[in-house]
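Novice: Pasting a structure below so you can have a look.
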Amino acid sequence: MFKFLSQMQLTRFFVGFRTVLWYFFAPKVTIKYPQEKGPISLRFRGEHALRRYKNGEERCIACKLCEVVCPAQAITIEAAPRESDGSRRATKYDIDMTKCIYCGFCQEACPVDAIVEGPNFEFARENREDLLYDKKKLLDNGSKWESALIKMLNRNDTTH
């Protein structure tokens, strides 16, 4: 009986050893994250950005649809008429990223594609105040990610 049990343990050992050797020489599936980055889907929703027209004018018309549709109530907008033509523009556009659930409703509701969720997922901060985005920060994000945002918005795949 002892001989049988020892043979069973030895068999299990070799099965385990074979598995270890198999995965040791198999192609690696993990990436070294900070140095290597994997592909990002065109549907990915990350850090928010406010876009501008090509002439530099802000796209946001302060319709407040994004504020109304936000289920987390993370968006706050204040509007005022412009002196030049009387159209409304956002004087204050704040997003509390600690409340945001990245649902994309704000992007879908916007009639002029002013607010979008960009490709950036590396925006971790050390304190909470840095996650309260104001209009300037959102416009800077839009300028920084404009080429990637255009690519994401003009994708042919519209199925959900």
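Note: Cβ is positioned from N, Cα and C throughout, glycine not excepted.
Sequence annotations record features per position, and here Swiss-Prot assigns domain '4Fe-4S ferredoxin-type 1' to 51-80. Annotation source Swiss-Prot lists [4Fe-4S] cluster 1 binding site at Cys60, Cys63, Cys66, Cys110, citing sequence analysis. Annotation source Swiss-Prot lists [4Fe-4S] cluster 2 binding site at Cys70, Cys100, Cys103, Cys106. What Swiss-Prot records for 91-120 is domain '4Fe-4S ferredoxin-type 2', and it gives sequence analysis as the kind of evidence.
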Novice: Near the Cβ of Cys100 ([4Fe-4S] cluster 2 binding site), how many other Cβ atoms are there if near means within 10 Å?
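Specialist: I get 21 for this one.
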Novice: Just counting, how many other CB atoms are there within 10 A of the CB of Cys110 ([4Fe-4S] cluster 1 binding site)?
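Specialist: Result for Cys110 ([4Fe-4S] cluster 1 binding site): 20 other Cβ atoms within 10 Å.
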Novice: List, in sequence order, the same-chain residues at least six positions removed whose CB sits under 8 Å from that of Cys60 ([4Fe-4S] cluster 1 binding site)?
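Specialist: Listed in sequence order: Leu50, Arg89, Ala90, Tyr93, Val112, Ala114, Ile115.
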Novice: Neighbourhood of the [4Fe-4S] cluster 1 site (Cys60, Cys63, Cys66, Cys110): other residues with Cβ within 8 Å of the Cβ centroid, in order?
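Specialist: Residues close to the [4Fe-4S] cluster 1 site, other than Cys60, Cys63, Cys66, Cys110: Ile61, Ala62, Lys64, Leu65, Glu67, Ile77, Cys106, Ala109, Pro111, Val112, Ala114, Ile115.
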Novice: Can you tell me whether DSSP puts Cys100 ([4Fe-4S] cluster 2 binding site) in helix, strand or coil?
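Specialist: In three-state terms, Cys100 ([4Fe-4S] cluster 2 binding site) counts as coil.
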Novice: Check each residue in the chain of Cys106 ([4Fe-4S] cluster 2 binding site) that is at least six apart in sequence and keep those whose C-beta is under 8 Å from its C-beta; list them in sequence order.
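Specialist: Listed in sequence order: His48, Cys66, Val69, Cys70, Ile75, Ile115, Glu117.
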Novice: Report the member of Cys63, Cys66, Cys70, Cys103 (the binding-site residues) whose C-beta atom has the most other C-beta atoms within 10 angstroms.
Specialist: Cys66
